[in-house]
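What TrEMBL says about this one:
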- 87-508: domain 'Major facilitator superfamily (MFS) profile' (DOMAIN)
- 6-26: transmembrane segment (TRANSMEM)
- 167-186: transmembrane segment (TRANSMEM)
- 192-212: transmembrane segment (TRANSMEM)
- 224-246: transmembrane segment (TRANSMEM)
- 252-271: transmembrane segment (TRANSMEM)
- 337-355: transmembrane segment (TRANSMEM)
- 367-388: transmembrane segment (TRANSMEM)
- 400-418: transmembrane segment (TRANSMEM)
Amino acid sequence: MKFEDLLLEIGGFGRFQIFILFILCLPRINLPMHFLLHNFLAATPSHHCAIPHQEAFQNLTMEEVLLISIPREPDGTFRSCEMFSQPQFHLLLNSSLQSENKSITQHCQHGWVYDHSQFTSTISTEWDLVCEQRGLNQATATFFFVGVTTGSVVFGYLSDRFGRKTMLLLSLVCSVVCGMLSAASVSYSMLVITRTLTGAALSGISLIVLPLGMEWVDVQHRTFSGILTSIFWSIGNMLLAIVAYLVREWHWLLVAVTAPCLLSIVCLWWVPESARWLIANGKVKQAHRDVLRCARMNGRKDFTVSPEALRRMATDKKPGGSYSYISLFRTPVLRKISLCCGAVWFGVSFSYYGMSMNLTGFGLNMYLSQFVFGIIEIPAKMITYVLVNRVGRRQSQAWALILTGLCIGANVIIPNSLTSLRSAVAIMGKGFSEAAFTTVFLYTSELYPTVLRQNGMGYTSFMARLGGALAPLIFLLDEVWRSLPEVTYCGVAVCCGLVAFLLPETLNVRLPEGIEDIE
């Protein structure tokens with residue numbers, strides 16, 4: 001008897017599985033609230049150089065003081081990073097006489113003054129991460145994703161070694177501790193370190209929640225359960241917009257998005273360990289108790305199974321052989337699949353976070369953008385579920401990514417004055433981006449043979465984290481050309497979408513078991 005046969009007897013998708021999936025969706029909601037927190041945590045409000053000795057200008061209004069102290073941009077707004085070295089009183093007579101002479105301007109010497117109408121405080125205003133220090137502001141998101149990348153390697157190994165539930169609990173506890181320490185940061189260095197550690201801790205949740213739920217679900221309901229679980233990521237997206245709107249001070253915002261982990265820790269008490277993991281590791285007595293509990297909750301009260309039968313499941317498993325990440329590149333076809341999958345995952349993550357972290361670039365209020373971007377993901381997931389089973393995985397993956405890039409590129413051409421059109425195109429692009437992300441999880445798991453599937457998913461996950469880590473830094477390219485970040489996101493998405501056409505179709509194809517099935 002195999003575990004899949006056992007699930008048919010005890011119920012592969014009954015009240016027990018629904019109960020577990022619901023509890024595991026609670027930490028799932030929390031993930032985007034941290035992964036996309038940078039939009040609000042590090043938001044940079046409008047600002048200008050602080051003007052010294054303002055008491056000397058008592059007879060002037062604030063607008064007049066700014067006029068003689070701060071140079072203007074061509075559009076009439078005051079510059080954020082420069083000031084006049086000496087007051088330009090002649091501008092009071094005619095403000096259009098502003099000289100283009102660079103020698104009369106200098107960088108801000110006395111700090112900055114920020115507009116606090118939208119944010120009480122952010123890390124940008126706390127440590128003046130603007131102008132020459134703007135790169136440090138974007139780097140906080142990159143350090144967070146570096147932590148996520150590192151943590152996925154660590155928790156991936158530990159969850160196989162010590163169990164899914166134990167490591168999920170450790171991940172949640174570490175997320176609470178590191179998240180609260182981030183909120184209490186007294187320096188930029190402390191914030192970077194604690195945010196990196198928070199990313200590492202949260203990666204355990206990201207890595208473990210889905211497999212722990214799926215290992216209790218039968219084959220027929222696995223894809224549906226995966227899509228259903230991923231919807232709670234979108235709900236977390238929408239909740240982040242609401243929380244950020246209500247909490248405008250960055251310390252308390254970190255507390256607000258971290259605190260829900262405490263509820264997940266309490267609820268985890270009712271979630272059993274993966275019976276598959278318990279049986280594979282010889283913990284048959286505990287697996288026996290959990291299997292009987294599953295049968296009772298699913299209404300199969302007459303079901304009985306002996307611990308010896310469960311023990312035989314472990315001994316009946318075939319040895320998997322010795323495989324590593326290098327095995328992904330040893331044979332020709334598998335090498336092609338791995339290279340193409342790596343590029344696709346990088347492009348999907350790079351464009352997704354590129355769009356998700358540019359809330360102010362499409363003409364909508366940033367809170368409304370965050371909320372709408374979350375809403376659009378839900379129908380995108382539903383449509384994806386239909387399309388991948390109708391037109392196939394390859395076509396769905398390629399065109400979702402290409403259309404994401406084209407939507408980003410379209411907003412480079414569309415004038416800023418056409419706010420409604422820019423917003424509509426951005427929302428469509430976000431939907432395509434989410435469709436690409438949803439498809440790539442399913443598609444990749446079907447491309448790799450069983451003996452290398454975990455290694456394959458680990459490698460592609462690393463490429464996705466790499467894309468997520470680089471995405472925030474690309475915004476710094478706007479100093480070279482204002483539209484260069486969007487052009488970069490567009491180009492990468494389209495190119496990686498074209499690469500997806502090189503992958504084999506897996507619709508209605510038997511899952512490969514060994515490398516020879518691929519070759």
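Easy rule for this one: first residue shown is 1, then count along the chain.
Every residue gets a Cβ built from N, Cα and C, even glycine.
Residues of the same chain lying 6 or more positions beyond the ends of the transmembrane segment (337-355) and with a Cβ under 8 Å from any Cβ of it are 328-329, 373, 397, 401, 404-405, 408, 426, 429-430, 433-434, 436-437, 440, 444, 447-448, 456, 459-461, 463-468, 470-472, 474, 485, 489, 492-493, 495-497, 499-500, 502-504, 518.
Taking Cβ pairs closer than 8 Å, the transmembrane segment (400-418) reaches residues 344, 347-348, 351-352, 354-355, 361-363, 384, 425-426, 428-429, 432-433, 435-436, 439, 483, 486-487, 489-494, 496-498, 500 in its own chain, all 6 or more past its ends. When pLDDT is averaged over the domain 'Major facilitator superfamily (MFS) profile' (87-508), the result is 89. Sequence-distant contacts of the transmembrane segment (367-388) (same chain, six or more residues past either end, CB-CB distance under 8 Å): 32, 36, 39, 223-224, 227, 230-231, 233-238, 240-242, 244-245, 355-356, 359-360, 396, 400, 426-427, 430-432, 434-435, 438-439, 442-443, 507. Ranked by number of Cβ pairs under 8 Å to the transmembrane segment (252-271), the listed stretches 6-26, 167-186, 192-212, 224-246 are led by 167-186. Residues 20, 24, 27-28, 30-31, 34-35, 139-140, 143-152, 154-156, 158-159, 164-165, 167-168, 170-172, 174-175, 177-179, 181-182, 185, 226, 229, 271, 274, 461 of the same chain, all 6+ positions outside the transmembrane segment (192-212), place their C-beta atoms under 8 angstroms from a C-beta of that stretch. Within the same chain, residues 27, 30, 34, 155, 158-159, 194-195, 197-198, 200-205, 208-209, 212, 251-252, 254-255, 257-259, 261-262, 264-265, 268 sit at least 6 positions outside the transmembrane segment (167-186) and bring their C-beta atoms closer than 8 Å to a C-beta of that stretch.
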